[in-house]
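According to Swiss-Prot, the features are:
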TRANSIT   1-43  transit peptide
DOMAIN    46-136  domain '2Fe-2S ferredoxin-type'
BINDING   82, 87, 90, 120  [2Fe-2S] cluster binding site
């Protein structure tokens, strides 16, 4: 056999091919270990601006981390109680951007459509601006 076997005809296994998708704010490639070996997974990180009674604060939130959890990690004091998406203590109002709060069970469809959010069960899906400390306005 000649040494010409390696050429442009070599195909990568499906696990090594890169799929194209719309570019989020930031993308990180993180190793994820499992029993079958190491794999790579894409993780988007978004700019989240929180408008609190004490002023505005901005943070970077990965798309698989709840906004409340990341705020606490960065020392930002936000209200919460159940941390299960079943009360209104952490309620806020989305001013702009997209979030995924499909895990919560307190807000009804009309409230979600009106922009209400429970930060304890909200993932960013784009850059987002949220007014916090809004429980009294919701009830």
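Glycine is no exception: its Cβ is also placed from the backbone N, Cα and C atoms.
The structure, with features from Swiss-Prot marked on it.
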residue : record                        : Cβ contacts under 8 Å, 6 or more apart
82      : [2Fe-2S] cluster binding site : 89, 120
87      : [2Fe-2S] cluster binding site : 81, 106
90      : [2Fe-2S] cluster binding site : 68, 78, 79, 80, 81, 118, 119, 120, 135
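In three-state terms derived from DSSP, residue 120 ([2Fe-2S] cluster binding site) belongs to a helical segment. In sequence order, 80, 81, 83, 84, 85, 86, 88, 89, 106, 118, 121 are the residues of the same chain, not among 82, 87, 90, 120, whose CB sits within 8 A of the CB centroid for the [2Fe-2S] cluster site. Within the domain '2Fe-2S ferredoxin-type' (46-136), the DSSP-based counts of helix, strand and coil residues read 17 helix, 32 strand, 42 coil. For residue 120 ([2Fe-2S] cluster binding site), the number of other Cβ atoms no farther than 10 Å from its own Cβ, over all displayed protein chains, is 26.
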